[in-house]
Amino acid sequence: MKLHELLFHLHQPSPMPDGNPEIMSVEDNHSKVQAGSLFICIKGLSVDGHDLAAEAVKNGAAAIVAQKELDVPVPVYIVRDTSRAKAILADAFYGHPSHGIHLTGITGTNGKTTTSHLIERIFADAGNKTGLIGTMYTKVGDKKYEVKNTTPESLTLQRTFKLMADEGVTHAVMEVSSHALDYGRVHGTDFNVAVFTNLTQDHLDYHKTMDRYRQAKSLLFSQLGNAYSDASPKFAVLNADDPATEEFIRVTAALILTYGIDEKADIMAKNISLSPQGTTFTLEISGKNYPVSMKQVGKFNVYNALAAIGAAVASGIKPELAISSLERIEGVAGRFETVDAGQDFTIIVDYAHTPDSLENVLKTIREFAKKDVYVLAGCGGDRDKAKRPLMARIACDYATHPVFTSDNPRSEVPDAILRDMEEGVKGRYYKVIPDRKDAIEFAVGSAKAGDVILIAGKGHETYQEIKGVRYDFDDRVCAKEAVSRLAKGNKKSN
Ligand SMILES: CC(=O)N[C@H]1[C@@H](OP(=O)(O)OP(=O)(O)OC[C@H]2O[C@@H](n3ccc(=O)[nH]c3=O)[C@H](O)[C@@H]2O)O[C@H](CO)[C@@H](O)[C@@H]1O[C@H](C)C(=O)N[C@@H](C)C(=O)N[C@H](CCC(=O)O)C(=O)O
Ligand SMILES: Nc1ncnc2c1ncn2[C@@H]1O[C@H](COP(=O)(O)OP(=O)(O)OP(=O)(O)O)[C@@H](O)[C@H]1O
Ligand SMILES: N[C@H](CCC[C@H](N)C(=O)O)C(=O)O
Ligand SMILES: [Mg+2]
């Protein structure tokens with residue numbers, strides 16, 4: 001594609017630059033630039049891409065998009081915001097790949113990964129080739145790719161859509177984080193259905209206030225487009241029990257489908273019955289009732305199931321089909337995942353790393369637990385500090401044995417994070433064991449028959465990030481090893 005043809009998509013009044021080379025690729029990282037690349041300079045938190053423009057030209061860049069004049073021997077096109085331009089150019093360069101895919105975006109504080117897996121499974125069972133983009137991986141058909149972010153930056157995102165389109169994916173589901181919405185990573189992406197799970201405290205390090213956090217989430221709905229501007233109508237699938245839905249209804253021009261348990265909604269769950277083995281409820285939709293029996297545990301998973309059914313129905317799939325898929329799903333890795341190494345107590349690994357998710361999971365466990373409940377809880381470094389004392393309080397409120405330990409300390413000192421947690425539980429009973437492996441061994445070594453251990457915060461993660469280095473660490477593996485060691489020790493002493 002010629003440079004001018006590509007830049008035309010920005011619809012800027014400024015004239016095209018002199019020189020119109022053929023653009024072979026679009027890059028925002030100077031080290032990936034090759035002969036014929038268009039290099040887009042992004043001013044990041046740690047690096048300013050403008051400072052790397054000359055290096056990019058040395059690597060073969062044929063043209064540059066920047067926010068300021070640069071002294072380089074190739075055409076430079078100035079835009080107000082290169083991140084925004086990057087998203088629009090990426091969409092154009094790859095031929096608007098999301099426009100040919102039925103795309104469902106999911107936003108909300110908790111439940112995005114879980115719900116996206118439920119929706120993907122429903123689409124796949126309905127006979128579609130599917131794609132998925134989210135916290136754990138990107139999936140194109142059956143092939144999985146590693147990811148750095150829950151919602152990738154725009155070039156990676158549009159490249160992924162192009163790959164999906166080339167591979168014949170017709171239905172894709174993606175998590176849309178509030179960071180991504182705020183950074184404009186999804187500009188140029190054509191969603192057919194946008195789903196909202198819930199809004200509770202997280203990411204205040206970035207958004208500062210809950211109002212601004214909610215406003216970032218609302219972008220998914222305000223940018224969704226008009227209900228009838230395309231061949232198939234756009235749908236917003238919203239949680240009627242969450243107060244933020246009121247704002248999303250106000251800002252969207254799409255059709256609306258609501259779901260919920262308490263407030264009146266288009267899709268409702270009634271007669272909910274919870275057990276440690278699974279959940280049953282009656283689904284009420286369009287005046288009809290359907291019995292549902294699923295393996296997912298906890299009331300919060302009823303919300304995830306309703307959101308998934310909403311997305312399916314908005315995509316033209318019959319409720320019966322969606323329900324039969326839901327009933328067959330085993331679970332999502334690291335979400336209420338039980339670890340069974342032959343021990344006589346229960347170990348649950350769960351990705352709860354927000355106050356609301358921790359409370360939901362612990363409430364669920366308390367409903368079924370007959371004996372003691374251990375919780376291992378920690379808080380990520382370089383993330384919302386305000387949630388630390390809240391999570392500690394929740395751990396103490398619901399567990400008989402709260403243990404505070406390290407999550408991913410990132411650049412922070414683990415003890416400082418733990419002290420922030422302790423601020424929320426002055427005078428309460430708890431234990432602090434900074435090393436996560438030691439904490440897991442302590443809980444495994446202390447638990448008696450019938451007790452429950454919840455290892456919260458890291459779920460599917462297979463690393464622990466300390467001072468910029470990701471060390472191998474998997475709660476599930478660590479717990480299994482602790483149980484085996486304990487069993488061996490017991491045998492020896494017998
Ligand atoms: C705060 C934040 O979102 N940062 C994102 C941002 O990093 P940054 O601003 O530090 O970028 P940078 O390293 O300074 O680089 C700036 C530019 O220079 C370029 N560069 C850089 C180095 C170099 O040698 N050459 C070069 O050309 C880079 O390609 C980039 O274009 O741009 C990077 C590339 O796009 C992102 O990976 C990175 O996400 C980091 C890893 C991150 O942790 N983000 C979190 C906060 C986040 O986005 N989380 C949400 C989900 C949260 C949730 O689900 O709960 C997410 O969607 O993942
Ligand atoms: N609908 C829900 N409401 C509240 N808590 C939930 C809900 N669904 C899942 N959870 C809890 O939140 C944790 C994270 O769930 P999930 O990974 O699906 O959320 P997410 O929104 O993708 O999170 P992240 O933003 O970190 O990617 C789960 O392990 C569970 O403890
Ligand atoms: N997507 C979330 C993941 C948090 C996972 C938790 N283990 C932590 O490190 O805080 C974030 O980047 O805030
Ligand atoms: Mg996720």
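Positions of Cβ are set from backbone N, Cα and C atoms, glycine also.
All annotation found in TrEMBL is predicted automatically rather than curated by experts.
Taken from TrEMBL, the feature domain 'Mur ligase N-terminal catalytic' covers 31-76. What TrEMBL records for 106-312 is domain 'Mur ligase central'. As annotated by TrEMBL, ATP binding site applies to G108, T109, N110, G111, K112, T113, T114. Sequence annotations record features per position, and here TrEMBL assigns N6-carboxylysine to K217. Annotation comment: TrEMBL describes 334-459 as domain 'Mur ligase C-terminal'. Taken from TrEMBL, the feature meso-2,6-diaminopimelate binding site covers R383, D407, N408, P409, R410, G457, E461. Summarising the annotation, TrEMBL assigns motif 'Meso-diaminopimelate recognition motif' to 407-410.
Highlighted in sequence order, I106, T115, E175, T197, N198, N304 have their Cβ within 8 Å of the centre of the Cβ atoms of G108, T109, N110, G111, K112, T113, T114, the residues recorded for ATP, and are not part of that set. Secondary structure of the domain 'Mur ligase N-terminal catalytic' (31-76) per DSSP, as helix, strand and coil residue counts: 12 helix, 11 strand, 23 coil. In the three-state DSSP scheme, R410 (meso-2,6-diaminopimelate binding site) is classed as strand. Proximity of the binding-site residues G108, G111, T113, P409, E461 to ligand 4, judged by a Cβ distance under 6 angstroms to any of its atoms, singles out T113 in sequence order. Listed binding-site residues: D407, N408, P409, R410, E461. Those with a CB atom under 6 Å from ligand 2: none. Counting other CB atoms no more than 10 Å from each candidate's CB, the recorded positions K112, K217, R383, R410 peak at K112. Proximity to ligand 3 at the level of Cβ atoms, with a cut-off under 6 angstroms, picks out G457 from the binding-site residues N110, G111, T113, T114, P409, G457. For the domain 'Mur ligase C-terminal' (334-459), the DSSP counts in helix, strand and coil order read 49 helix, 25 strand, 52 coil. Within the model, the domain 'Mur ligase central' (106-312) shows a mean pLDDT value of 94, rounded to a whole number. One way to see the shell of the meso-2,6-diaminopimelate site is to take the Cβ centroid of R383, D407, N408, P409, R410, G457, E461; the remaining same-chain residues with a Cβ within 8 Å of it are H353, G378, C379, G380, G381, S406, K458, Q464, E465. A distance of 24 Å separates the Cα atom of R410 (meso-2,6-diaminopimelate binding site) from that of G111 (ATP binding site). Spatially close to E461 (meso-2,6-diaminopimelate binding site) yet at least six residues away along the chain are G334, Y351, N408, F473, D474, D475, judged by Cβ distances under 8 angstroms. For T109 (ATP binding site), applying a Cβ distance below 8 Å and a minimum sequence separation of six or more within one chain yields T197, N198, L199, T200, Q201, D202, T354, D356, S357.
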